[in-house]
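Trainee: After the C-alpha cells below, expect a handful of questions from me.
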C-alpha cells in the first residue's frame, strides 16, 4: 500500500500501477508527520510490546504452567489483534479513498478498550480467574463490535473504489472474531464434554477467520507494494471470487467442528485453502515479475507456504481423529506451522514494511529504518523457516529445544531494531 | 530496501548463514541428546561397542501394557524406541540403564534413545502404579541364552536394591518402591495416638439448603498420619481421606468441579448420579479441571472415588468419599454419624500405598474415616436413651464390612436404598453387612450410660483397626 506521502519516496521505485494513488491517507498531515507518524509510533508499540512479552514468556516458560495458552494469546490476541485493528483501519481509509482522519479519538478508544480487554483475558486466563477473563473478553468483544461498525460506516460512506473488496474481507474477519470470542470466554468458565469441539471452533474461527481473512484481504494491495511491482491483472477479481469461498468454507468448518462432523470440517478447511490459492495465483505472478528482495517479501512468501502446510495438516487432523477430543489434542500439530510459520511471519513481515513507512520523516529516515529492519534478512528468514521445518518434522527433544531457540532468536532479531526505531522516532521532532 | 545492486550477493550468503545456523542447532541438539542419553552413562551394564546399526522399534502403550512387551535386537545395535501412547492416560518409558522418555499424553508419540544394547534391559512406565499394573518391557539381545541369564541376574540385583532404578527420579510422586515386603511402614494396631491427636469429626453434615450444590474437589497429594506414628503420602480429594462428605436430598443437582493438583492423572466417579461415564469420569492430567454434573435421583449413601486406572491403587491410596442422599421423610434423630471403612496397604514411611499388597489383599490396617482405631481413642458421644443413627459406607477397595455395635441392637436398618427394618417391627439386626462400595445406615437407642465399642465384625479387620466406640453419658 502506497501510504507514503507523495515525494517521500523517490528511491522506492515506481509505484505499482493499479495500487491506490499514493499519499491518500497521509495527505493532510504535516510532512514528517507528527499526526500520522506520532499515531503509528504509539500504536506500533502495542504489537511490538506484546511480542516482547511473548519472547519473555518463551524464556521463562518452564516455570509458567499455562505458558502455552499464554504464548498463543500473547501472539494472537495481543500482538496480532492489535496490529489488525490498527492497520486494517489504516488500509480501509486508504483503499476507500477516504479523507485523512482529523482525529483518531475513536480509534484510540477502540484500542484502549481492546487492550484493557486483552489484559483482562491474559490475567484471568493465566491465573485461573474466570470472572476477570470473561470481563476482559467482553471488552475485546465490544472493541471488535466498534471496529466492525466503523468499517461498515466507512463502506457505506465510500464512493465505489477498486479495492473496496479489502474492506469486505475485514468485515468478514471481524464477524468471525465476534463468533470466536464468546466461545473462548465460555471455555474460561465451563469445562464439560463439549470443550474439545468448542476449542476447535474457537481456534479455527479466530485463526482462519479473523487472522487469515484479514491477511488475505490486505495482501491484495500490500503484496505488490512490498515487491515494488505492479499488481497482477485480475488480482482484485480473484480476491472478489475468493471471499465467498473462504467465508462459506469457514461457515462449513465452524459448523463441522461444533457438531463434530469431521468431513464437513475438512471440506471447510479445503475451501479456505482454495480461497488462499485463488489469491496466491496473482500474487505468485507478481512475484515472478519481480522477486521479493526484502525481509517483508520473503517472510510473507514463506508465510503463505506455511499456511498451505497448516491447512493440509489441519484437514488431515480432522479426518484422521476418531473423536473431537483426539482432534483437539492433536491440534497442536497444526498450531506450530500456523502460528509460527504463517501468523507470526506475516505479522513480522508486514510490520517490517509498514513501520518504517508509517513513521514518516522523509525519504532518508524511511530508508534508514527499512535498512535497519532488513539487516541480514536472508539469514533471518532462512534460519526461522529452516528451524520451523525441523520443528514440524519429528525431532528428538534437544533438537526441538535448539531449533525453537533459533526461532526465538529470529523474533528477537526483529524486535531489537523495531523497538529502537520506535524509540528513535520519539526523539525525532 | 537497499540498493538493488547489492541484493543478489548478500541474500545467498545470508541464506547459507541461516541454514548453517539451523544445521548447527540440530547438531548441538543431537549431541546434547547423546550426552544426556544412555550411551554416556557409566552405570549402563552395556559396555558394548556400537556395531554401526540402529534398530528402531515402535512400542505402543495400551491398556496398561506395552505392546510388544519384549523387544529383541542384535547385540551391539543402537536401539531407538518410538513410544506410541494409545491410552487416554499418560505414560512414559524408563529403562533400567537410565534413559527415560518424556511423559506422553494420550494419542501422542515420543522417541526414546535406548542406547547400545549389549544385554537384557528392563523397562517400565514410571507413573505411579503403572509398573506394578504390568507396564513392563524387556529388551533382549538376539543371543537368547546369555541374555536370559543376564536378565535373571539383573532381576536379582533389582530385588536386593529395592527401588534403585527409580532412585534418580526427581518428579514428586513418580517414585514407587519396586519391591514391597520390607518397605511397609511399621504399624502397631494397639498403639495410642499422641496426646494432641484430634479424630476426624464423624458427625453427619446437615443437608445444605438449595437444590443445586456446587462443590470444588481438588485432588491433592498430602502427607497424613494414618495410624499412630505412621505417615503416608495419600492421594486425596480436598486433602482428606475419606474426601468430604456431601449431602443432599432426592432431586438435588450436584455440580462438581474437579481440579487435579496432583502429579498424575485422576478422575472421579460418583455413584450417586446415573450418567454415561465416558466424558465426566475421564482421567484428567495434572493442572486440568473438569466439571461433573449429576442429579441425585435416588436415595442412599453413595460412594465416590477416583476413576483412573489402576483404581485399586487410587482408591487404596485415599481417593474415596461419601455422598448422602436422604430418603424422603427421613426422621430426625438425636445423633447422626458417618463412618467410611477402608483398608490401608502401607508403603514406605511417607510414600504412597503399596500396590503389591493391595493386589494380594493383605492390608496392614482396616480403618474408619481414614485413621486406625481413632474412635477407640476418641469415642463418639451420645446420651443414654438417645436415638443414634450411623451411616456406614464401605469404600474398600477389597474387603467386606460387618458393622456391629457391642451391646446394642439395630432396630432400624437401611441398606443400599431399602428400609430393611423399622422400629415398629418385632425384629432387630446385629450387623450391617456391606460389600465394597455398599452403604446404608443403622439406628439404635443406647439403653444405659456406658461405652459401646463398635467394630467390623470381620474380626481380623477389627484387630487391624476397624474399631471404635460410642460413649453414652
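For all residues, glycine too, the Cβ spot is worked out from N, Cα and C.
TrEMBL entries are annotated by machine, without manual review.
Taken from TrEMBL, the feature transmembrane segment covers B:12-32. TrEMBL lists B:51-113 with the feature domain 'EfeO-type cupredoxin-like'. Residues or ranges marked as region 'Disordered' in TrEMBL: B:147-175. What TrEMBL lists as compositional bias 'Low complexity' is B:157-168. Residues annotated as domain 'Plastocyanin-like' in TrEMBL: B:219-328. Among the features that TrEMBL reports, Cu cation binding site is placed at B:266, B:271, B:305, B:306, B:314, B:319, B:457.
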Trainee: I'd like to know the mean pLDDT over the domain 'EfeO-type cupredoxin-like' (B:51-113).
Mentor: 83
Trainee: Between the binding-site residues B:266, B:457, where is the Cβ count within 10 Å the lowest?
Mentor: B:457
Trainee: Please name the residue among the binding-site residues B:271, B:305, B:314 whose C-beta has the most neighbouring C-beta atoms within 10 angstroms.
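Mentor: Ranked by Cβ atoms within 10 Å, first place goes to B:314.
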Trainee: Quick check: in three-state DSSP terms, what is residue B:271 (Cu cation binding site)?
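Mentor: For residue B:271 (Cu cation binding site) - judged by DSSP and reduced to three states - the answer is coil.
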Trainee: Would you list the DSSP helix, strand and coil counts for the residues of the domain 'EfeO-type cupredoxin-like' (B:51-113)?
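Mentor: Tallying H, G and I as helix, E and B as strand, the rest coil: 0 helix, 34 strand, 29 coil.
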Trainee: With every protein chain in view, what's the tally of Cβ atoms within 10 Å of the Cβ of residue B:306 (Cu cation binding site), excluding that atom itself?
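Mentor: So the number of other Cβ atoms within 10 Å of residue B:306 (Cu cation binding site) is 28.
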Trainee: Below 8 Å Cβ to Cβ and six or more residues apart, same chain only. Which residues does that give for residue B:319 (Cu cation binding site)?
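Mentor: Set apart from residue B:319 (Cu cation binding site) by at least 6 residues yet with Cβ under 8 Å, we have B:219, B:235, B:236, B:237, B:241, B:243, B:266, B:305, B:306.
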